[in-house]
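**Student:** Here it is, the structure in full.
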Amino acid sequence: MLLLGCIKEVSDYELVISLPNGLSGFVPVTQISDAYSKMLSKEVAQGELLEDLNSLSEMYSPGTLVRCIVTSVEKSADGRRSIKLSIDPKKVNKGLNALALASGMLLSGFVASVEDHGYLIDIGVSGTHAFLPRQKAQNYIKAVKKGPDLKIGQNLNCVIVEVKNEGRVVRLSIDRSEVAASIATEQQNWTLSNLLPGLVVKAQVRKVAPFGIKVRFLSTFTGIVDFMHMDPEKSMNYSPDQVVRACILSVHPTSKVVRLTLRQAFLHPGGSPNQLSSGRMGAVVEESTVKAFYKQFGAIFELDDGTLAFARLKHLSKTRKSFKPGAFKTGCKHKCRIIDYSLMDEMCIVSLKYQIIEAPILQYQDIHTGDVVQGKVFALKPIGMQVKVTDGIKGLVPSMHLADVILKQPEKKYSIGDEVKCRVLECSPAGRRLILTLKKSLVQSKLPVLCNYEDAKPGLITHGVVVCAREFGCIVKFYNDVKGLVPKNELSSEPISCPDKVFQEGQVVKVMVLKCEPQQERLLLSFRLSSKPALEGKKECTPEKNQEVKYQIGEMVDVKVLKKKDNGLEVSILEDEGNVIAWIPTVHLSDFVSTCKLLWHCLQEGDVLPRVMCLSDKGERIILSRKAAVISALQEEQVVRNFSEIQPGMVLTGYVKNVMPFGVFVEFPFGVTGLAPKVSMSDKFVTDTKDHFVVGQTVIAKVMSIDEEKQRVLLSLKVSECSSGDSAAESFALLNQYFKEIKEIRNLLRRKGEPSMASSLCELVPGKELQLVMQNVTEDGSAQFGGSCVTGLTVTATRYHLGDKNIVPGEQTKALVLHVDALSSKVYVSLREELLKQKSKQVCSQRTPSTLPSCST
């Protein structure tokens with residue numbers, strides 16, 4: 001039987017399809033198309049992922065209409081029927097042959113291969129090669145936004161544009177406007193043997209009955225439109241001989257009965273039916289109004305928001321005997337609950353059964369990790385036991401979780417139909433996946449449920465299950481696949497030489513969290529519940545205990561300034577409640593040398609610095625860095641972790657470790673160092689190395705050569721060799737970072753509410769115009785100025801920047817700010833007319849900080 005369906009859900013292995021009359025079917029991943037199945041087989045044979053093989057979720061979306069053929073109808077153990085479908089064009093279009101193909105036909109096609117000028121499309125017709133030119137696919141690709149190209153196995157609505165060589169070659173189009181306008185005609189020579197669902201036709205009403213309409217289409221064919229597929233806005237206002245637009249929903253292979261729909265969403269191929277708001281699923285509607293009652297099928301209701309809903313006969317009352325037809329006259333009101341939504345009928349499916357309205361669980365979304373649920377044993381399998389929670393929800397209890405101990409013969413403890421109380425280990429509504437446990441220690445546990453790494457706070461005590469015991473310790477698993485390590489020294493207060501002899505797989509244990517790194521999904525645990533960890537009490541923490549907490553290089557933390565020292569800042573790490581002491585060298589406060597000194601000057605004890613990176617956790621203390629370029633390199637994995645990873649030609653971000661007369665030593669994250677000889681330090685001739693670089697300066701270096709035997713690395717710091725292809729973008733990014741940090745410094749000064757001098761510095765920016773009074777002229781020809789806006793500051797204009805103006809002490813004049821040195825409280829200005837006339841914005845954009853030496857970031 002051929003049917004038009006709508007994709008309802010997409011998982012890794014199947015498509016869930018909404019079918020007419022509230023039914024659902026399933027398309028296995030092997031029933032998509034020949035080309036896709038071949039790629040799946042190839043991937044399985046090779047044992048590795050294929051680059052060109054896309055998952056079903058990458059190609060299909062809920063709401064997409066597809067043509068299907070029923071391959072089988074299976075009856076499950078609980079009496080429910082499962083409809084298996086295929087969308088393979090060889091099966092769907094099996095009634096077509098090459099001679100039957102004609103221009104204007106609308107067919108299902110699947111991408112078989114991607115070529116230079118277009119795509120080969122599998123339309124399932126033997127002996128026919130179908131080609132889709134790229135220009136006929138561009139509008140569709142832009143609208144769907146699934147990537148720059150169509151994907152092998154992707155389903156398409158194709159219109160035949162041209163037929164050549166008696167149908168052996170056809171040219172197709174998937175242009176959305178052409179597809180939407182397509183309509184089946186008599187000239188296309190459709191027959192009952194090849195008629196396809198999804199075709200839009202012009203139909204003539206022949207007979208109007210209470211349960212539907214009989215129509216004629218394509219001159220000789222007759223079909224039925226049932227009551228659920230009449231246009232709701234027109235209701236029963238159809239009359240004989242009326243011409244309507246209709247879409248074929250299904251074609252029965254033996255009886256040749258054709259069913260159609262008059263609903264607007266289906267009358268333009270390529271469209272999508274309306275969907276129910278996800279928030280409405282499972283909602284209880286206090287008053288729904290009966291619109292129509294059909295004694296053999298059920299009733300149609302209008303809900304409180306005006307949408308239509310259908311209740312099958314068995315859902316109108318608790319039992320057939322308690323059913324009263326008189327209660328369902330037009331206008332009667334009933335309480336109901338939305339239990340499903342039929343995309344193909346554009347209707348909610350509701351139930352009036354009391355037990356369903358009051359049920360706490362109706363769908364997977366109602367179940368949460370850690371919930372305790374009741375269920376019935378449904379089936380016993382080698383991998384575990386299936387438990388039926390509701391009619392539509394089944395869960396799996398893995399073999400390890402059938403009891404507190406591993407059961408060798410679970411059939412002796414459990415029988416089909418037994419009532420069991422389980423706890424939810426994992427629930428994935430999207431994948432309809434539910435994992436349960438029957439371990440009493442977990443089901444009855446009153447301890448917190450650990451279902452994500454973010455909740456694993458130091459000191460938390462909870463229950464878990466041992467999944468691995470080795471010489472290094474135990475791995476313990478919690479809810480939602482959260483795992484943690486109990487190292488050997490935390491297994492017991494007494495030494496344990498062989499953990500696998502003491503702890504068994506599947507054993508429920510009580511553990512305490514020592515440390516968690518959510519981003520890395522790392523969890524450190526302990527079985528020693530009586531001994532409080534160093535993290536738990538501030539009073540017990542001293543700097544000597546800090547090294548019990550280890551930080552990974554590249555880990556980001558927030559810190560609070562404790563003390564300011566001549567060469568850096570002593571800080572506490574806030575993530576560990578301020579108990580871990582670390583150190584930020586002054587040169588690591590910024591990528592820019594002058595900004596480092598400014599930041600050190602502005603920061604005060606108690607200030608909080610966000611997103612500081614761990615640079616080293618060796619030696620006596622943790623070293624941190626705020627260098628944006630170094631942090632970016634680590635986050636983008638543009639680093640080397642040891643000498644063996646270094647290759648000539650690499651461009652790496654590091655910082656100057658030492659400046660020697662013969663060259664510069666550069667250190668990179670993870671401790672790897674290299675030497676830039678004097679000849680490779682700059683594109684200019686270098687006389688004195690100290691004139692070019694300072695210790696701590698951020699640099700970009702290129703690896704020129706390596707000596708594996710002596711473990712030496714030679715570098716180049718020449719801008720011409722170290723810059724990337726887009727040097728302009730690099731420069732603007734550096735300037736942007738520089739001005740961002742200057743703004744941060746101004747905000748620090750402004751926030752402190754310090755004396756007028758500091759507030760004046762905050763307001764002065766390059767390009768700002770000032771009203772100044774000349775005070776005196778120095779021996780070198782420069783002039784000094786004063787004014788209310790620069791109280792306490794030294795304001796200077798060099799002889800060049802006085803221009804042609806001859807001003808005398810006491811005279812007022814306009815000046816433009818060129819540079820502000822916050823450390824020395826000096827401001828440099830210009831009186832030149834050409835600069836004063838320019839906009840401040842232009843002046844600022846032409847300014848390059850003098851604090852950025854070549855090769856420095």
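Backbone N, Cα and C define each Cβ position, glycine as well.
So TrEMBL says this about it:
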type	residues	note
DOMAIN	1-88	domain 'S1 motif'
DOMAIN	104-175	domain 'S1 motif'
DOMAIN	198-263	domain 'S1 motif'
DOMAIN	282-353	domain 'S1 motif'
DOMAIN	370-439	domain 'S1 motif'
DOMAIN	459-528	domain 'S1 motif'
DOMAIN	649-718	domain 'S1 motif'
**Student:** In the predicted model, what is the mean pLDDT computed over the domain 'S1 motif' (104-175)?
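**Tutor:** Across the domain 'S1 motif' (104-175), the average pLDDT comes out at 89.
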**Student:** Determine which recorded stretch among 1-88, 198-263, 282-353, 370-439 has the most C-beta pairs below 8 angstroms with the domain 'S1 motif' (104-175).
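**Tutor:** Highest pair count goes to 1-88.
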**Student:** So, taking each listed stretch (1-88, 198-263, 370-439, 649-718) in turn and counting its Cβ pairs to the domain 'S1 motif' (282-353) that are under 8 angstroms, which one gives the highest count?
**Tutor:** 1-88
**Student:** Against the domain 'S1 motif' (198-263), which of these stretches has the most C-beta pairs under 8 Å: 1-88, 370-439, 459-528, 649-718?
**Tutor:** 1-88
